[in-house]
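Q: TrEMBL feature annotations, pasted as is:
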type	residues	note
SIGNAL	1-18	signal peptide
TRANSMEM	34-54	transmembrane segment
TRANSMEM	74-95	transmembrane segment
TRANSMEM	101-120	transmembrane segment
TRANSMEM	127-144	transmembrane segment
TRANSMEM	164-184	transmembrane segment
TRANSMEM	232-254	transmembrane segment
TRANSMEM	261-281	transmembrane segment
TRANSMEM	287-305	transmembrane segment
């Protein structure tokens, strides 16, 4: 399967994620425990990967599966990084408002490019670096509200702790993605076997979060497994399937493409969500959204287009055979 088809599908699924989540609310509130969504999504990814690995093992030759503990022990690390990242996100929101936090989140586009270069030793051309910066500028522009609104003044008025935590959050998000790509590409193991290791630890960490929530709430609503499906509707299940399918596509891109492709997919998904919200939720389009989309499309073209499409290269000058003069060898010797 071509990477750009997977990236396009990821963009569509990611853009519908926020819309489905909004539609799953009842009167603006969640009737279900939202913490159960990531847990069930991890279980879904684990089941799907197990089925595909089972089918793959029936083929000849069987897929490569590294079971050495030195390799397996590396797979909980992305879950640990995401766990720290989630806590940093909550801490950041204590110092900045939602709009500022959203805009600062675009820093992960640049930090992903930097860590991509440092840790994976992937060289990017000057045009590609410019494209990555343009993508961050475009997504930020689309999120900036009109300067007549109160939120515009709060963008640069947050405490320094908020900005430092925002930068840390962007670095952790990029680090988790780059490290996951390193895990997926460090050997020729089956993609589904690597997924099983990732999602097993992901399920354990998400289950641990549910247990911690129970202890914090004093088991007021009962243990998590008794209320796991409480308040679930068809739309809620679509949110679970959407989140799980998105994760499977991301792991495919990590294995066969790279982090930058994923960053472009998720960034384009954010813009697509805004456009769809105009028709679904009466969202009023702004000039900033229009300009942001143009800048992001320019960035997309700059990063993935062949160099000859971006820079005018003068054609090589070919000599006319008829203009060439045959010089006898004797005359050449006379000059020596």
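Cβ coordinates come from backbone N, Cα and C, glycine included.
In the displayed structure, how are the listed features positioned relative to their neighbours?
A: Non-local neighbours of the signal peptide (1-18) in the same chain are 239, 242-243, 245-246, 249-250, 252-253, 256-257, 261-262, 264-266, 268-270, 272-273, 276; each lies 6+ residues outside the stretch with a CB under 8 Å from one of its CB atoms.
Within the chain carrying the transmembrane segment (34-54), a Cβ under 8 angstroms from the stretch's Cβ atoms is held by residues 63, 190, 192-193, 195-196, 199-200, 202-203, 206-207, 209-210, 213, 224, 228-229, 236, 239-241, 243-244, 247-248, all 6 or more beyond its ends.
Note on the transmembrane segment (101-120): residues 89, 92-93, 129, 132-133, 135-136, 139-140, 143-144, 155, 163, 166-167, 169-171, 173-175, 177-179, 181-182, 258-260, 263, 267 of its chain, located 6 or more positions outside it, place their CB under 8 angstroms from a CB of the stretch.
Counting residues 6+ beyond its ends, the transmembrane segment (127-144) has Cβ neighbours under 8 Å at 99, 102-103, 106-107, 109-110, 113, 152, 155, 260, 263-264, 267, 270-271, 274, 288-289, 291-296, 298-300, 302-303, 307, 310 in the same chain.
Long-range contacts of the transmembrane segment (232-254) within its own chain (CB-CB distance under 8 A, at least 6 residues past either end) are made by residues 1, 3, 6-7, 9-10, 13-14, 16-17, 20-21, 23-24, 31-32, 37-38, 40-42, 44-45, 48-49, 177, 180-181, 184-185, 191, 194-195, 198-199, 261-262, 265.
Long-range contacts of the transmembrane segment (261-281) within its own chain (CB-CB distance under 8 A, at least 6 residues past either end) are made by residues 3, 7-8, 10-19, 22, 108-109, 112-113, 132, 135, 138-139, 142, 177, 250, 253-254, 289, 292-293, 296, 300, 303.
For the transmembrane segment (287-305), the residues of the chain that approach it from at least six positions outside its boundaries are 127-128, 130-132, 134-135, 137-146, 260, 264, 267-268, 271, 274-275, judged by C-beta separation under 8 angstroms.
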Q: Can you tell me which parts of the same chain pack against the transmembrane segment (164-184), counting only residues 6+ beyond its ends and a CB-CB cutoff under 8 A?
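A: Contacts with the transmembrane segment (164-184): 74-75, 77-78, 81-82, 84-85, 88-89, 91-92, 95-96, 100-101, 104-105, 107-108, 110-112, 114-116, 119-120, 191, 194, 198, 251, 254-255, 258-259, 262-263.
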Q: State the residues, same chain only, that lie 6 or more residues beyond the ends of the transmembrane segment (74-95) and have a CB under 8 A from a CB inside it; answer 'none' if no residue qualifies.
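A: Tertiary neighbours of the transmembrane segment (74-95) are 101, 104, 158-159, 161-162, 165-166, 168-169, 172-173, 175-176, 179-180, 183, 194, 197-198, 200-202, 204-205.
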